[in-house]
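What follows is a set of notes on a single structure, which appears directly below.
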Amino acid sequence: MFITFEGIDGCGKTTQSILLAKYMSDLYGEDNVVLTREPGGTSFNELLRSVFLSVSDYKVDKLTELFLFLAMRRESFVKVVESALRANKIVISDRCVDSTVAYQGYGCGIDLDLIYKLNSLVMGIVPDMTFIIDIDIEKALSRATRNGYESNSMDFYHKVRKGFQRIAEEEKHRCVLLRCDDYEENGICDVYSVHNKIVGLLQGVLHNKMDAASSSVKV
């Protein structure tokens, strides 16, 4: 099963992907769960990621940026994701296809049809389930700044956030929109309440997936 976490910088998706990977590892065994991230996931991609983040003051051409992310996604898919899925493992990714659609498509204005076609060429599959974490932009950016993320204009993040919301609306068969406002205590999002919601939503889906995988194994 291929599970992805999406959302704007600072939304908490990385925390949720780590929590879910720990939960799944305890349940199914560490050897049956793969946690990865984009950009990143391989030694080559992590090197490119560090270079990309270290030159945040350098404005990369929009199409150049798109092709860089797609190249890293292809590398991660071939070296990590594809083989794990073939082995019937649970793959959890911090960002994937929808980030490209939201950031490069809705945020930067690159043609959405082009992005979808290129993503199809790069991966050929879509995630089985995607959790999109929706959060107030100012709250998210205050957290992202502390985490060292590159800052962009508020207008850019409004476009990206709306992009994620649109994706969730158009692809309800696989996307779940989790609004942080629904899980706040004293103005702070309770990460464990969000985690418990995710686990609850996944239980039935995972049970069916694992049963199907087991029944397909020839003895």
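Glycine is treated like the rest: Cβ placed from N, Cα and C.
The C-beta environment of CYS11 (ATP binding site), restricted to residues of the same chain at least 6 apart in sequence and closer than 8 Å, consists of ILE133, ASP134, ILE135, ALA140, CYS180. The annotation ATP binding site is assigned in Swiss-Prot to GLY7, ILE8, ASP9, GLY10, CYS11, GLY12, LYS13, THR14.
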Taking the recorded ATP site as GLY7, ILE8, ASP9, GLY10, CYS11, GLY12, LYS13, THR14, identify the other residues of that chain whose CB atom sits within 8 Å of the mean position of the site's CB atoms, giving them in sequence order.
ILE133, ILE135, ALA140, ARG143, ALA144
Have a look around THR14 (ATP binding site) and count the other CB atoms within 10 A of its CB, chains all included.
17
At a 10 Å cut-off from the C-beta of GLY10 (ATP binding site), count the other C-beta atoms across all protein chains.
22
